[in-house]
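Visitor: According to TrEMBL, the protein has these features:
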SIGNAL    A:1-22  signal peptide
TRANSMEM  A:38-57  transmembrane segment
TRANSMEM  A:78-101  transmembrane segment
TRANSMEM  A:152-172  transmembrane segment
TRANSMEM  A:184-205  transmembrane segment
TRANSMEM  A:212-230  transmembrane segment
TRANSMEM  A:265-289  transmembrane segment
TRANSMEM  A:301-326  transmembrane segment
TRANSMEM  A:361-390  transmembrane segment
TRANSMEM  A:411-430  transmembrane segment
TRANSMEM  A:436-456  transmembrane segment
TRANSMEM  A:468-493  transmembrane segment
TRANSMEM  A:505-524  transmembrane segment
Amino acid sequence: MTGRRILLTAAAATLFALPALAAGDVGQLEKQPVNLSAIAMFLAFVVMTLGITYWAASRTRSTSDFYTAGGGISGFQNGLAIAGDYMSAATLLGLSSLVFAKGYDGFVYTISFFVGWPIILFLLAERLRNLGHFTFADIASYRLDQGKIRTFAAIGSLTVVCFYLIVQMVGAGQLIKLLFGLDYNVAVIVVGVLMVVYVTFGGMIATTWVQIIKAVLLLGAGVILAFLALSRFGFSLEAIAQSAIASHKDGVKIMGPGTLLADPVSAVSLSLGLLFGTAALPHIMMRFFTVPNAREARKSVFYASGFIGFFFLIVCVLGMAAITIVGTDPQFFEGGKVGGKLIGGGNMPVMHLAKALGGDLFLGFLSAVAFATILAVVSGLALAGASAIAHDLYARVIRKGEATEREEMRVSKIASLVLGVLAVVLGIAFEKQNVAFLVGLTFGVAASVNFPVLILSMYWKGLTTRGALAGGIAGLISAVTLVILSNAVWVVVLNNPKPIFPYEQPALFSMTLAFIVTIIVSKLDSSASARAEREAFEDQFVRSQTGIGAAAAAKH
Amino acid sequence: MHSPANTPVYERVRRNPKFQELVRQRSRLALILSAIVLVGYYSFMMVVAFAPDLLHKPMSDDSALSVGFPIGAAIIILSWLLTGVYSHFANGRFQDLTDEITRETLQ
């Protein structure tokens, strides 16, 4: 069934909630006719971003330029880039199709996606900025054992990056096959090659600008589409709602919560994974180091959450409008059967909406934006992965800080190339694979492995290296195990009749376990190094609050 | 170890009453705002899970829109406005205080 497949792959990219819906059978998509206007617009985007990469390459001299754009991005620009990192193609396609299919339940997901941002600002952004240099491992290893913690944090980051990359690559391949009419493998290779070019030549400067352009395009496309949709209904939300109730098979039920989140344990586990998984995604955390100071870091989260919130609200309007405009138009259904299968699958309502309201040209534009979006997210991920390898593993652990900047940069570039090849190979290998479990794993690992260590290292004096390692490993093992035992893998992939773990998201359980183990092991740790680590907290605390010493540390 | 424990510079900062004030006030603001967002969001989720009918109510007798929509939109908009509140204080008063502490410590 193509609908489910699309929902799974494209939407799963950031929407790990969707597998609940999409974990069904994995079918094959049919290739659509070659879409010339979409390809032309996409090429225009690629040419523009390659130009930027060329410009950025001339400015990328130091590791700091490479990883953090030299800290020279303004709060507003960085806000757009963060929003770009967070608003993937899945947000546009997945959330709007959820609203299209389920009405208000889709809106509940949208809200859950949003609330992590204010929390990140209030509790994390400042300290991340003041303590960190390039990566999240910088923070965790501030007072703990460098070698062990950096290795552990780098592995955690790389795990998240790799799973997320696969999901994005598979989503890209499927989307492009559908929207551009290109082969799956061609699409995956194009994404991989462009990603490597942006990252190796332009580093964070290019990646940031690709992200900014894409965020502007995505916001612009959303606003235009919403304007066109609203104009059909005399700019009245009430009229949209009335007509949606009349058109949707569930009628008035779509105006309130239905069955999607009926189970409170799943709802809580989902929201915990979203809140804290987001906060611990390596490519998102890296964005706090691209601005010159804490002031700009705070501003950037304010702008980012403004853009994200605004976009999410627009997406809901689009989904509601699509219920009538797309849902009652036979041209968008296979065989012209209204209420049957949507052409291109269940993830396509917003694309059909674009065609209905703006014709083929607008559909082409939106397709190009969707592709650009995947490209930008993948580049951010690759850079985060490369920094974990080059900065944490190579420069700090293997060379123990003796590597020159030039050497570290060379390793970063090789690492991005390797990640690019890996992403293409895995993207092709996983084409027909159910990626739902990968999405569950991505957020599960981020929330259970990275997050507890990150937050406790900043907030809890008692944390020791042993505790962090034990808790992190417990989180990793439990998150992976629970995902394997859940419906997405145990039933869908392994064909067992019933899942052993009844919920889709492990965060509630694996994250709690990680916290408990970390705290108990830290408490029991009476070694001399543990004592030193606890004592060092006071100094770390001053720096995390004031940033004093941060500038000096950035030159080490 | 990244930095030796109890560096004199940090010791001086810790003794500065302005630092104590900064930490106390900013942490309080962050905790209050986080609590508002989290309590608001989880209350909403509990209504979604246990009392969905409350959100089904129409906004007025002849309205198709349910009260769930403005409530949901309000959670998003309010949370965003709170990031503005935090940034306003953190970048204003608290940043000034931080700058003063830094100046006094490093001179």
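Glycine too: its Cβ is placed from the backbone N, Cα and C atoms.
Note that TrEMBL annotation is computational and uncurated.
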Visitor: Any contact between the transmembrane segment (A:361-390) and the transmembrane segment (A:265-289)? By contact I mean 3+ C-beta pairs closer than 8 Å, pairs at least 6 apart along the chain.
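Guide: Between the transmembrane segment (A:361-390) and the transmembrane segment (A:265-289), contact is present.
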Visitor: In terms of Cβ proximity under 8 Å, which residues at least six beyond the ends of the transmembrane segment (A:436-456) contact it?
Guide: 8, 12-13, 15-16, 18-19, 22-23, 123-124, 136, 139-140, 149, 152-153, 156-157, 159-160, 163-164, 166-167, 272-274, 276-282, 430, 463, 467-468, 471-472, 475-476, 478-480, 482-484, 486, 488-489, 492-493, 504-507, 510-511, 513-515, 518-519
Visitor: Examine the transmembrane segment (A:265-289) against the transmembrane segment (A:411-430) and state whether at least 3 Cβ pairs sit under 8 A, considering only residue pairs 6 or more apart.
Guide: no
Visitor: Might you confirm whether the transmembrane segment (A:301-326) is in contact with the transmembrane segment (A:38-57), defined here as three or more C-beta pairs under 8 A between residues 6 or more apart in sequence?
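Guide: They are not in contact.
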Visitor: Counting only CB pairs under 8 A, let me know which of A:184-205, A:212-230, A:301-326, A:468-493 has the most with the transmembrane segment (A:411-430).
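Guide: Ranked by Cβ pairs under 8 Å, first place goes to A:184-205.
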Visitor: Are there 3 or more C-beta pairs under 8 Å linking the transmembrane segment (A:212-230) with the transmembrane segment (A:301-326), counting only pairs at least 6 apart in sequence?
Guide: yes
